[in-house]
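Everything below concerns the one structure shown next.
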Amino acid sequence: WDWFMAGEPEAIVLRFERKISLHSKSFNCEVNLDDCKSKPCDYGRCIDKINGYECACEPGYTGERRAECTGVDECSSNPCIHGRCQDLINGYKCTCDSGWSGQNCDINNNECESNPCMNGGTCKDMTQRLPLHLPGLPELLLHLSRRMARCASVNLLLCQIVSTHFNISDAFFFNFLQGQTCEIDINECVKSPCRNGAVCLNTMGGYQCKCLPGYTGQKCETDIDDCKPSMMHLRRGSGSRLRFD
């Protein structure tokens with residue numbers, strides 16, 4: 001505080017903080033300074049007090065000891081159940097994950113309503129998701145279901161797993177179906193299922209092996225025994241049979 005002489009010889013003005021006191025023989029009064037003159041409340045209305053002020057904060061803002069107004073983080077309560085939260089002034093916005101909607105991303109969308117599956121595929125709406133991170137490999141998003149596995153693209157960016165029980169080490173041995181809506185036929189010949197030099201022919205939903213002479217079977221895995229006598233039966237009217245060796 002400091003002091004100085006006023007116009008009246010016997011009057012002394014004392015300054016202490018933001019309060020001015022006048023003392024003289026003729027009068028004794030106090031003058032309150034307007035502490036709101038500097039507009040200290042950025043996001044609120046300033047209320048002048050004796051030797052101070054308070055901030056009446058706008059909606060979406062708060063302040064300690066009412067001395068200032070800071071934004072309230074509406075995302076601190078994690079309101080977005082299946083999505084990412086964006087804090088706004090006096091509110092928030094949810095960016096929902098795929099398959100979810102609603103203000104808090106709590107409504108499961110039924111993607112099967114539009115009958116998206118082609119080529120006789122059966123659609124099943126998925127709800128449970130589990131992120132899986134494998135070092136050095138693309139990130140996978142696994143959809144838990146029963147006896148079902150699907151990939152949205154060949155590079156396995158989005159997959160649905162075959163079982164609710166699995167080991168991470170076995171994750172790459174699932175029989176994935178390419179195409180989220182069953183529009184892509186899997187080329188089974190990529191795995192070279194045909195044996196003994198047979199040619200693999202990819203078919204819709206399967207494959208066919210064109211065996212070399214001397215082999216038979218679905219995968220041409222059986223060697224024909226050329227030493228075994230061949231038999232051909234012909235029926236006569238009497239029902240007797242003829243044998244040719």
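Cβ coordinates are placed from backbone N, Cα and C, and glycine is handled just like the others.
Cys211 is paired in TrEMBL with Cys220, the candidate among Cys200, Cys220 named as its disulfide partner. Per-residue pLDDT, averaged over the domain 'EGF-like' (71-106), rounds to 87. Cys36 (disulfide bond) is surrounded by 16 other CB atoms, counting those within 10 A of its CB over all protein chains shown.
For the pair Cys46 (disulfide bond) and Cys75 (disulfide bond), the Cα-Cα distance reads 27 Å. Cys96 (disulfide bond) has Cys75 as its nearest neighbour among the disulfide-bonded residues Cys36, Cys75, Cys211, Cys220, going by CA to CA distance. With respect to Cys85 (disulfide bond), the closest of these disulfide-bonded residues in Cα terms is Cys36, chosen from Cys36, Cys211, Cys220.
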